[in-house]
């Protein structure tokens with residue numbers, strides 16, 4: 001689960017992470033009041049969307065204009081900038097060409113920046129440990145830094161048994177070139193970040209940039225905080241921070257029915273049981289010259305109703321030109337899948353090619369149900385056959 005920058009800062013501040021004063025606003029007048037309450041002479045106006053790269057982004061209605069993070073040197077400038085942001089679509093590297101509508105802004109105190117650094121925590125699958133990632137190249141896309149200058153990336157893995165220790169913080173401080181009192185400040189900063197990460201079941205906490213001010217302080221100038229969805233049941237206060245307007249409606253509907261759905265940009269809808277098989281299905285669709293429209297794992301114990309819901313989710317995407325159902329029945333019975341597919345196809349008046357590959361428990365019964373349905377369902381014998389048939393059917397229907 002993602003949250004907005006201002007929410008992330010509020011969460012981290014409770015753990016002692018240093019952030020600047022600021023306030024959220026939903027209208028230009030609210031923004032003016034926040035700016036007055038904070039006091040000047042400089043403010044930063046930040047668009048709040050669930051995407052990075054806002055400063056370098058551009059608004060759809062003004063592609064050659066300013067980005068989604070702007071400095072204002074008067075209350076009037078604050079209002080003007082907020083007027084230009086609210087209700088507009090901001091496009092960044094992470095939003096894709098569709099962009100995201102700005103529905104709120106964050107007004108923050110200005111800051112005397114001496115250095116910009118990078119600091120994050122994440123679960124490193126290679127080491128199976130929470131890992132601190134730091135760099136002297138803050139304020140930039142960390143992926144670009146890692147690719148072009150890997151020597152500038154510092155990683156420190158935390159042993160889960162001993163947890164965070166002060167020497168971890170000192171490693172980071174020295175790696176970032178901090179000196180004197182800044183070293184102890186960094187140790188406390190990183191320790192607070194680690195405690196928040198562990199207490200709240202975060203999947204990533206990213207501070208980019210972490211700035212050194214003219215006074216030598218360490219401040220989190222930005223904050224990206226993501227949480228493990230599987231742990232939200234024990235963090236009801238965090239779950240309340242969810243902004244569903246920032247999420248894909250189809251993905252939200254899928255979550256309500258315990259379906260794992262991620263929308264993609266292709267034209268072949270996929271319904272599969274098992275994440276590994278789903279990824280293999282997407283790969284083979286690409287191999288045969290098409291693009292998957294989604295990742296959809298119905299799970300091992302899906303009911304007829306859940307299968308019907310999954311089918312509707314796929315067809316809610318107007319870009320879908322064909323559907324491939326690929327089921328290996330172990331716990332999942334092929335006849336249940338077949339009943340769900342037939343019911344869904346009838347309910348939504350299917351008008352795109354449908355290819356179904358079934359294998360496993362009750363496979364013959366499943367095939368019989370589809371064959372007797374009277375629907376134009378194309379049967380496939382194996383995964384390669386299924387991918388080839390759905391791509392061919394889509395091209396012929398075009």
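Residue positions begin at 1 at the first shown residue.
Backbone N, Cα and C define each Cβ position, glycine as well.
Small disclaimer: the values here were computed from a predicted structure and weren't measured.
Record features (Swiss-Prot):
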BINDING   46, 53, 54, 55, 108, 111, 116  ATP binding site
BINDING   208, 222  Mg(2+) binding site
BINDING   273, 330, 331, 332  substrate binding site
DOMAIN    9-253  domain 'ATP-grasp'
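Shown on the structure are the features that Swiss-Prot records.
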residue : record                 : contacts (Cβ under 8 Å, 6+ apart)
46      : ATP binding site       : 5, 6, 54, 68, 69, 105, 106, 107, 108
53      : ATP binding site       : 92, 93, 94, 141
55      : ATP binding site       : 67, 68, 69
116     : ATP binding site       : 138, 139, 209, 210, 211, 221
222     : Mg(2+) binding site    : 5, 206, 207, 208, 209
330     : substrate binding site : 300, 360, 361
Residue, out of the binding-site residues 111, 332, whose Cβ gathers the largest set of other Cβ atoms within 10 Å: 332
Cα distance (Å, whole number) from residue 111 (ATP binding site) to residue 332 (substrate binding site): 57
Whole-number Å value for how far residue 111 (ATP binding site) lies from residue 331 (substrate binding site) (Cα to Cα): 58
Integer Å distance between the CA atoms belonging to residue 111 (ATP binding site) and residue 273 (substrate binding site): 51
Recorded ATP binding residues, 46, 53, 54, 55, 108, 111, 116 - maximal Cα separation rounded to whole Å: 19
Surrounding CB atoms that lie within 10 Å of the CB of residue 331 (substrate binding site), all protein chains: 12
Where the record names 273, 330, 331, 332 as binding substrate, the maximum Cα to Cα distance in Å: 10
Number of other Cβ atoms within 10 Å of the Cβ of residue 108 (ATP binding site) across all protein chains: 25
Averaged pLDDT, computed only over the residues in the domain 'ATP-grasp' (9-253): 95
